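Quick notes on the structure that follows.
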Amino acid sequence: MKSLKAKFRKSDTNEWNKNDDRLLQAVENGDAEKVASLLGKKGASATKHDSEGKTAFHLAAAKGHVECLKVMVTHGVDVTAQDSSGHSALHVAAKNGHPECIRKLLQYKSPAENIDNSGKTALHYAAAQGCLQAVQLLCEHKSPINLKDLDGNIPLLVAVQNGHSEACHFLLDHGADVNSRDKNGRTALMLACETGSSNTVDALIKKGADLSLVDSLGHNALHYSKLSENAGIQNLLLSKISQDADLKTPTKPKQHDQVSKISSERSGTPKKRKAPPPPISPTQLSDVSSPRSITSTPLSGKESVFFAEAPFKAEISSIQENKDRLSDSTAGADSLLDISSEADQQDLLVLLQAKVASLTLHNKELQDKLQAKSPKDKEAEADLSFQSFHSTQTDLAPSPGKASDIPSSDAKSSPPVEHPAGTSTTDNDVIIRQLQDSLHDLQKRLESSEAEKKQLQDELQSQRTDTLCLNNTEISENGSDLSQKLKETQSKYEEAMKEVLSVQKQMKLGLLSQESADGYSHLREAPADEDIDTLKQDLQKAVEESARNKERVRELETKLAEKEQAEATKPPAEACEELRSSYCSVIENMNKEKAFLFEKYQQAQEEIMKLKDTLKSQMPQEAPDDSGDMKEAMNRMIDELNKQVSELSQLYREAQAELEDYRKRKSLEDAAEYIHKAEHERLMHVSNLSRAKSEEALSEMKSQYSKVLNELTQLKQLVDAHKENSVSITEHLQVITTLRTTAKEMEEKISALTGHLANKEAEVAKLEKQLAEEKAAVSDAMVPKSSYEKLQASLESEVNALATKLKESVREREKAHSEVAQVRSEVSQARREKDNIQTLLKAKEQEVTALVQKFQRAQEELAGMRRCSETSSKLEEDKDEKINEMTREVLKLKEALNSLSQLSYSTSSSKRQSQQLDLLQQQVKQLQNQLAECKKHHQEVISVYRMHLLYAVQGQMDEDVQKVLKQILTMCKNQSQKK
């Protein structure tokens, strides 16, 4: 019989088997049918990890087998299952750039916001891969776009690092943080400059990337663009920096105020200074001090030699504190220079130069106070003047070391105290080394600052030359003069710095040989003071000249910008004015030509009247009746012609009135500058109608003129006929010639006028087209006055209605905001409930697995119970056999008793027989009772087995029942062992 462990041993479903190997191979080959058949087999699971931590589900996502993924999901695979590195299938699909797999997984409710062990979402991997479709899908399914991984990278930074500009554009359009930083403080703009992607840099700048941000090492985007050596990116950044600087120029006085506030705050709360050591004196720092300070006599118990009075000593200490405050303020300004970007250094340098000038003035005031207090303190004054010069030098340097300034300032500002003759050489060596280190630092920083200044000046000169080429020659000459002056100031500044370095070298030599060459230092004192003063003056002049030159350059730049703006704004206005003037001149010319034509028409009418008069005078009084009829016909024709002429004159007057109205409207339009499109169309329609009428009038005039000519010819014929009868030939010829000449002149004039009129009509058409285009361009944005007056009342009512609607919409918006907040809270609660449901589902799944295991155990126990029932049935059969044997023995005993009774009856007494019979009867009763009890127990056991079997089939076995079954099995085992 099997052991109890073998009965209750549960099969380990997580063990790797052959089916799992086959499943991996099928997924590798992309065989969806084989995957489906293998998943139906026992022990095969798509989320089971192999030795490398890989699963079949993740392999399908990595290979991009969509059909395999479908089959696995339909077989109940957990979509959120992770591999050994915490990647879900969505992470793997995004990492390998399979948008179809991503779409399917998102359809199967795979969460897009899940992160792996490195804190990355699927969007991080899609951005790193540069797959635009994958990025779009994940953004549509609300993947967090500004979530940082463990390295501090958001998807935008990852896309920029890998140079995927399209993904960067998409992420920026969907709300990615432009100024987000990683662990090292680098922004997306810095990374784009480092990779040399000009398109990405342009997109980031357009989206508002901050160019003044620096990383943890203090480098800005311009530094990274220099590393990539991309000139296009550098020019782009410099142009943006210059634009920002132009926008910030009005706020420069505020910056100056802020710097002054910082310096005042620092001066208001001075730092604690360490007292200088007693052996150090001003003679150890400069050879300009007097040898009187180096004496072998010890200090007196009250005061020093130079500062004998207590108030004077207090004032000197206050001066020293002021100097320390000033040095602190300059150090603060230097720290501002270190923090600021390269583009703002020039502006801050101007502010600091102004600050240097104020500091020198303050030093001069302090020197004047010292001179007023004690005329004997020339050595202290020389020290103070040298200290002021040193402060100007530190202010002009871009970022001098604070540690190198503190000992020098303390040593220089210390009062000249006498020291004993036994000064140690170690202190002098330490001071010399400190001064040498500070000098080296100053030289390096001066060189770096000069290089940066040259770069900035070259860039400024290039920009200025580009802008100044557009301007006149005067500005270019001024710019060249200013550049020459700047170069001269730079050369002066360099010469001054060289002289300062030579003086400092002489100071070092004086420090090394101060004990042996006191007389030499005394001789060099006066020229050193003079050199320092001259250098100070030269330096101040150079600084002032450079400031003036910069101011002039800025003024010229502002003037140039104003001129460019004026030139940019002027041409359209001038063009409009020229068009208006040309249009007005054309209209005036047309009116003049019409007046000229009207005059010509009147002249022609006068000539016709004259001809009629001459005809009347020349007609004979004794004319026949036919001539009277002809006269009447001619008079009728003349009347008709007069009527037509009057009608034409009326039409002309109407056209002239319309022209005057049009002129008035045009003047009103010019006063109002523009008209509405509808009004313009109406005016154009009126002008077209007037032009059509004028053309019709002209055509009618031409037709009438032709009729008049025809009539004139007829009249001439009649006159000729009459003249043949009555008038002389000479007069007739003269009249004919005059008429012909006048007719020819009239025809020539008419032809010239028609050609001129055609040209003018073409010009009018061109001008009308131009005017229509201009007014169409302008009228879209203008409102007509007529419609404005009509719509004003309606608009006011609409405004009131809209105001009420706006109030209602504001209320509704507030309600909507509250509802949105409620919805958000409900969504958060729903998410929490979803998480709780997921946890409950996981717990239920665990319970289901436990129940399945229990069911398997119950099945095994049922099998054991069946075996036990078989054994119990065998036991019952054995018991039945025993009972039968017992009954047989009882019968045998009865027979024996009967035989014994017969024998005993014959041999023994009756009393003994009765006792034996009683004993045998008692034994028989006991055996019968035992049989009945065995049957009852057997029935009870069978009923219990049946009940437990039913519970096991229904899956409702209790722990107590399991314990009882185990006990039964142990009992059966013990019984079998006993047998």
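Glycine is no exception: its Cβ is also placed from the backbone N, Cα and C atoms.
When the residues SER37, SER304, SER687 are compared with Swiss-Prot, the one annotated as phosphoserine is SER304. The candidates are SER263, SER449, SER872, SER914; Swiss-Prot tags SER914 with the feature phosphoserine. Checking the candidates SER694, SER703, SER899 against Swiss-Prot, the annotation phosphoserine falls on SER694. Taken residue by residue, the repeat 'ANK 4' (118-147) breaks down under DSSP into 17 helix, 0 strand, 13 coil. For the repeat 'ANK 3' (85-114), the DSSP-based tally of helix, strand and coil residues reads 17 helix, 1 strand, 12 coil. SER694 (phosphoserine) is surrounded by 22 other CB atoms, counting those within 10 A of its CB over all protein chains shown.
For the coiled coil (349-374), the predicted model reports an average pLDDT of 62.
Taken through DSSP, the repeat 'ANK 2' (52-81) splits into 17 helix, 0 strand, 13 coil.
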